[in-house]
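Residues or ranges marked as site 'Important for substrate specificity' by TrEMBL: Arg16, Thr73, Gln160. According to TrEMBL, the feature active site, proton acceptor maps to Asp72.
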Amino acid sequence: MATEAPEVILASGSPRRRELLTNLGVPFRVVVSGEDEASEERDPARLAEGLARQKAAAVARTHPGAVVIGADTVVALGGELLAKPRDEAENRAFVRRLSGRTHQVYTGVSVFAPDGKRGSVERGGVERTDVTFRALTDAEVTHYAVTGEGLDKAGGYGIQGIGMALVARIEGDYSNVVGFPLGLVIRLLREAGVRVWGE
């Protein structure tokens, strides 16, 4: 007799994460954690993984029978963290600083799954991708910032939109730069007993 598949919850309001999880053929619903993303951690990999865990744990506490996925993306340039820009001027400054340089994108993923013995068990990981921007003109920087596309994104750009024109090279997982590294997500979901792509 087949066991009933657990409910899957995405602890993120990101439309990009919703789209990528939908593409995996996993039925799910969204419950945004509402957790404060403040942290004293300065190491980008540990920060991304810690924030992902914090978001997933908050939702898992109120949905103990579900598989809960949390994710968080951090952008670092020369050891400095670039969060989501507060406004167009800061977005312009971020893109100008990234111009002609290589930066790192880290996405932490955390999956909480029910475990009859311990309540729930957490599995997690972090993916890193190196992204190099073209040397941009001032006009290109301004044009991109004016679009507003980068305002809700770590690092101030969206590679899945107009921002792809800023990029010269990517080393690593493209979906990680979008904010949801599919290879890592698939592995963690399978470990949690979730079927992916109609398995």
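In case you wondered, yes, glycine gets a Cβ from its N, Cα and C as well.
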By Cα-Cα distance, the member of recorded positions Asp72, Thr73, Gln160 nearest Arg16 (site 'Important for substrate specificity'): Gln160
Least Cβ-crowded entry, counting other Cβ within 10 Å, from the recorded sites listed as Thr73, Gln160: Gln160
Close in space, distant in sequence - the residue listed as 'active site, proton acceptor', Cβ under 8 Å, 6 or more apart: Glu37, Leu47, Ala48, Glu49, Leu51, Ala52, Lys55, Thr107, Gly108
Cβ packing number for Arg16 (site 'Important for substrate specificity'), 10 Å threshold: 20
Residue pair Gln160 (site 'Important for substrate specificity'), Thr73 (site 'Important for substrate specificity') - Cα distance, angstrom, rounded: 15
Assigned conformation of Thr73 (site 'Important for substrate specificity') - DSSP reduced to three states: strand
